[in-house]
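So that you can see what the record holds, here are the features copied from Swiss-Prot:
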- Lys142: active site, proton acceptor (ACT_SITE)
- Gly19, Gly20, Thr21, Gly22, Phe23, Ile24, Gly25, Arg44, Lys52, Arg146: NADP(+) binding site (BINDING)
Amino acid sequence: MTVSGAIPSMTKNRTLVVGGTGFIGQFITKASLGFGYPTFLLVRPGPVSPSKAVIIKTFQDKGAKVIYGVINDKECMEKILKEYEIDVVISLVGGARLLDQLTLLEAIKSVKTIKRFLPSEFGHDVDRTDPVEPGLTMYKEKRLVRRAVEEYGIPFTNICCNSIASWPYYDNCHPSQVPPPMDQFQIYGDGNTKAYFIDGNDIGKFTMKTIDDIRTLNKNVHFRPSSNCYSINELASLWEKKIGRTLPRFTVTADKLLAHAAENIIPESIVSSFTHDIFINGCQVNFSIDEHSDVEIDTLYPDEKFRSLDDCYEDFVPMVHDKIHAGKSGEIKIKDGKPLVQTGTIEEINKDIKTLVETQPNEEIKKDMKALVEAVPISAMG
C-alpha cells in the first residue's frame, strides 16, 4: 500500500529533548512547544550559566517541563522514560557527549516504549561524507550511534539539515550569531561549489513534523530546497546587494583550510574540516537520494515553503548597525578578526568603517578597502 501523506497521531507524542537549550536545540524545543507536543527538557544537574537559566525559564513559561538527569546513566534514563511516559526522544548533545548516546540507547532498548529516536545529527549525512580530522572523528562517533540504533531495532529518524542560514565562517562554530563580513569576503576554493542553507526555525519546524510521520520512519530526512542552494560567491553577491556596497574577495585555498583543521584547535578546527568538506569536496550536493533509505522534506511537505536565504540575510542588516560595546565612544571593536559596526548617523557609520580601513594591517587590502569606501558610501544602504 502506498502512503500518500502523514498520518497524524490522535494524541500528541510526549517528547523528551536532550540538549534542548543548545544552539540547534532551542529551535527544536521552540517548535515542539509551538506544535503543542508535551515537551520535556532534560537538563544536567548542577549550576547553569545565567544565559542558560534564562533560556530554561523561557521554555518553562511556555509549558516545557524540566527534568534533571544525564543520558550516560542508564538507570536514571530508564526511570525518566517510564515515569514521564516518553514517546519520542530527540538528542542534540554536543560533540564531546556524542558517545553518551550509547547509554541512552541501552535505556531506550530496555523500556521498549519509545516510538521514535532522533540522534544528534542535524547536519550532513555522516554515512556519505568523510571530512578530514578532527571532523572525521565526530562523524565516526555519529556512525557508531547509527549502527547501535539499527542493531537494537529502535525506530529512528536521522535529520540531515545541512548548513544553517548564515555566512559560513570557517573558524566560527555558530555563524548565524555573527553577521556576514563588512570588510572582505573569504572565498573557499573557486567559490562555485554549492550548499544548502536552512533557517533555524525551519529546522525546528520540519523536524517536529517528521516525528509522527510514518514516511520518515527509519529514514534519513534531507533538507535540500533548491531555493536555498547557493555557492559562496552567490552568498557574497547576496550580501553585497543587502548592504549596497561591493567588498573585495580573497581566496582561502583548500590547503589553508586543511592547515587550519590540522592545528586541531577544538572546536575551530572541526569547523574548518567541515568547511573544506562542504565547499571543496561538495559533500552536500555530490550524491543522489536513495529512495529506500532517504526522503526529502520538499517531497514530504510540498506545500510547506522554506524561508528564503534572501529573507534570512535581511535579518543581518540591522546587526551591522548595532551599537558596539566599547570603552570609548566612536571606537571600533574587532572580535576574532571581524568588525562590530556601531549604530548612529550615516556620518558616524562611515567614520567607523573608515577607522576600520585605517587599522587594517595589510596594506594591499587597506588600499582596496579605502577605494571601495570612497566609491560606495554607506548611504547606499538606505
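Glycine residues also receive a Cβ, built from the backbone N, Cα and C atoms like all the rest.
Looking only at other Cβ atoms within 10 Å, the busiest spot among the recorded positions Lys52, Lys142 turns out to be Lys142. Distance between Cα atoms for Gly19 (NADP(+) binding site) and Lys142 (active site, proton acceptor): 16 Å, as a whole number. Comparing the residue listed as 'active site, proton acceptor' with Gly25 (NADP(+) binding site), their Cα atoms are 17 Å apart once rounded. Under DSSP, the residue listed as 'active site, proton acceptor' is assigned to a helix (H, G or I) in the three-state scheme. The maximum pairwise C-alpha distance among Gly19, Gly20, Thr21, Gly22, Phe23, Ile24, Gly25, Arg44, Lys52, Arg146, the residues recorded as binding NADP(+), is 29 Å.
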